[in-house]
Amino acid sequence: MPGRRISSVLALGVLVLAGATPAAAHPGHHPTPPTTATKQPVATGSGGAVVSDTLESTQAGLAVLRRGGTAADAAVAVAATLGVTDPFVAGIGGGGYFTYYDARTRRVSTIDGRETTPAADTSTMFVDPSTGQPYSFATAVTSGRSVGVPGTLATWQRALQRFGRFGLADDLRPAIDVAARGFTVDATFREQVRENAGRFAQFAPTAELFLPGGGLPAVGSTLRNPDLAATYRQLARQGTSALYGGSIGRDVVAAVQHPPVAAGSTSTPLTGPMTLADLRDYRAIDRTPTHVGYRGYDVYGMGPSSSGGITVGESLNILQNFRLSPTDRTAALQDYLEASRLAFADRNRYVGDSASVSVPQRALLSRSFARQRACLIDPTKAGVSPVAPGDPTRGANGCTPRRADTSPGNDGISTNHLVVSDRWGNVVSYTNTIEELGGSGIVVPGRGFLLNNELTDFNFAPTQGSAPDPNLPAPGKRPRSSMSPTIVLQHGRPFLAVGSPGGASIITTVLQILVNRIDLRLSLPDAIAAPRASQRNSATTQVEPAFLADPAVPTLESYGQKFAVTSTSPLDPSITIAPTIGVASGLEFRPHGRVIAAGEPTRRGGSAAGVVVPSRHR
Ligand code: GLU
C-alpha cells in the first residue's frame, strides 16, 4: 500500500568503551522519577553512541553500553524502551529488520523479523466477499485481519544469540523501569494520540491506556504502563516462548480473533484467523544483505522480504552512471528523482517475499541492468509515470547512458557488512515498526502493547496488469516492506549507518541522505535535516514544504517535474498531519574512534542522540 510514515529507527554505535563506568543497581527495582534532561539531535564523541526517537530509549541504550553490553544488547534495550515511550511506532506487537556489522569478522549480517501471514489467510483476505471489492484501507488497518504474526521478540532473541553478551532479561531491565515508573508525555506523544483518537476509542484496553478519562493525555503528565512492565518481566523470566506459544501468545490470539471492542462502540472490526500454532511456527530469518558499490563505498542493505536494499541499491547503481555534484544541484536532483522513479517501477513488478515468489535480485542489482535503466533518463525532462518496469534479464540491452561517469567502480571489494557499534566496534542499524501510526489500534488486553497492521503492506488486489504481482497475500508469506536499515563501509570499515521510517518513502529518504552526504558533500546532520522529496513512480513527487524553496525547483518544474505536499492522514483525510517525510537517524564513523550521532532536529518532535564519551569539539 502507498507510503505511510511510521516505524522507529535506531542506530547505535560504540567504538571504544574502555573506561566505561559499571552500571548502578538495576533500576527496575528502584523506580526513579521521570528524567528531566532534554533531547539533542546531534552528539559527537566516542565509546559508543545511540540515536533513537525518545530520550528514555537513548538513555537505556547508553546505560547498557556503559555496562559493557554489545551494540546488539544496547539495540534491544533501546527498542524495548521505545515500546514504552514510542508505542505507536514500536514494540513487541510488530516486526522489523536488524542489520549488524561485526568488527571481528568484518561482515554485515541481517535478520528478517518481518511479520508473517497466518496459515489460515488467503490471497483474498482483503477482499470483501459481499462486494467482491477490496476493503478500504481504513477498514483493513483497524482490525484483527491486518495483524501479522509478530517478529520483534524473535528478532531480539536471534540478535542476542548471535551478537549479545547479556541475555534478554538483562536487556529488558531499563524498559521495565520506564514502563513501571512512567515517563513524561510530550507534545509529540499527545499529537500521535490525537491522530488516532477516533479509532483508539473503539477498543477498551487502548482507550484505557492512551485516552485517560476519555481525552488526550496532557503534555507534562506521567504515563505509566504497568501491564507492559509485567509483560516484559514475564518475558525476562520465561523467555520469548511466553509469546511464541505461551500465555502472552494466547492473549494475542484472543485479541486478533475477537478484537476487544469498547462497551458502547458500534464498530465491528474485521477479525483475524491467527492461532497459537502460527506463533509457535514463527522464525526470525538470517538473510544475506544486499550489496552495491557506490563511489568507492560498499552499501549494504536489507534484502527481501524488504524491498529496501534492492531499491536503494538499484537507484544508486543508476546514479553511478552520472556525475552528481554540489555545483550542479538541479542536475543532481533531476537524476535522483528519475533514478528512484525507475527503481520503484522495478520494485513494484519484481520484489516480494523471496520465500513465496522468485525475485531476480542479482539481475536487479547488476551494473548492466542499471545502464539499461539509466539510458531512459532525460537530463531535462521528467519521466511520465507510471513508467514501465525494465527487463532485468536483458542487462544493459546495448545501451550506454549519457554523461557516463568515468570514476572507477568497486564491485566485489567486499562481501562483508553491517551496522551498530560498541567497545569492539560493532554497529547496529535496526528499523522496527507496527506499520501504521498506532498499528491496528488494538492493545492486547492486560498486556500493554499495540498489535501491528503489517499485513496491509500487501497489495489487496493485483497491481501489475497481466504480469504476476509479487506482493499479494498468501499463507505464511511476509508482506513486502520498504524498510532500509543501511550500513556503508569504506575499505571494510564502517562509514555510515542510516535508516528511517516512512513506508515507501523510507527508500527515497535513505537514498537522498546517501546522495546528500556522498555526492552533495553535506555533513551527516545536514544531510538528515535537508528538505526531502520522494519520487515513487507517480505523476507527482511528494515533497516537504521547505523543498519547494530550493532554488532548483523552478528549473525542475520546467522539465515537467511536479511536486505536492501531503498533510492529511492516510486513514482519514479530515485529520491533518505534519507534512514531513521520514524520521531519519544515523551514525558517521570518523578517524580515531570518533562518531557523529545524528537524528532529526524537528521532524516528529526530533531525535535523541547520545554518546558514551562526548568530545569537546564537533
Ligand atoms: N510498514 C512499513 C514497511 O514495512 C514501515 C512502516 C512505516 O514506516 O510506514 O515498509
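Glycine is no exception: its Cβ is also placed from the backbone N, Cα and C atoms.
Automatic prediction, not curation, is the source of TrEMBL annotations.
Keep in mind that what you see is a predicted model, and the values were worked out from it rather than measured.
Sequence annotations record features per position, and here TrEMBL assigns active site, nucleophile to Thr415.
Around the Cβ of Asp457 (L-glutamate binding site), a 10 Å sphere holds 26 further Cβ atoms from the protein chains shown. Feature annotation from TrEMBL assigns L-glutamate binding site to Arg114, Asp457, Ser481, Ser482, Gly503.
Residues or ranges marked as region 'Disordered' in TrEMBL: 23-48 (among others).
Positions annotated as region 'Disordered' by TrEMBL: 385-414 (among others).
The region 'Disordered' annotation in TrEMBL covers 461-483 (among others). Residues 3, 7, 96-97, 112, 114-127, 134, 148, 281, 302, 304-308, 311, 348-353, 355-357, 359, 431, 433, 454-455, 499, 502-507 of the same chain lie 6 or more positions beyond the ends of the region 'Disordered' (461-483) yet place their CB under 8 Å from a CB of it.
According to TrEMBL, the feature region 'Disordered' maps to 598-618 (among others). Note on the region 'Disordered' (598-618): residues 14, 16-17, 19-20, 39-55, 57-59, 61-62, 65-66, 186-188, 191, 524-525, 528-529, 578, 580, 582-588 of its chain, located 6 or more positions outside it, place their CB under 8 angstroms from a CB of the stretch.
Among the features that TrEMBL reports, signal peptide is placed at 1-25.
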Listed in sequence order, the binding-site residues from Arg114, Asp457, Ser481, Ser482, Gly503 whose CB sits under 6 Å from ligand 1 are Asp457, Ser481, Ser482, Gly503
Count the Cβ atoms, other than its own, that fall within 10 Å of the Cβ of Ser482 (L-glutamate binding site), considering every protein chain shown. 30
Which of these binding-site residues has the least crowded Cβ, counting other Cβ atoms within 10 Å: Arg114, Gly503? Gly503
Residues lining the L-glutamate site besides Arg114, Asp457, Ser481, Ser482, Gly503 (CB within 8 A of their CB center) are Ser306, Ser307, Thr433, Glu435, Glu454, Pro479, Arg480, Met483, Ala504, Ile506
Taking DSSP states H, G and I as helix and E and B as strand, how many residues of the region 'Disordered' (598-618) are helix, strand and coil? 3 helix, 8 strand, 10 coil
When the region 'Disordered' (461-483) is classified with DSSP, how many of its residues are helical, how many are strand and how many are coil? 0 helix, 1 strand, 22 coil
CB contacts for Ser481 (L-glutamate binding site) [other CB atoms within 10 A, all chains]: 31
Could you find out if DSSP has Arg114 (L-glutamate binding site) as helix, strand or coil? coil
L-glutamate binding residues Arg114, Asp457, Ser481, Ser482, Gly503: largest Cα-Cα distance, in Å and rounded to whole number: 14
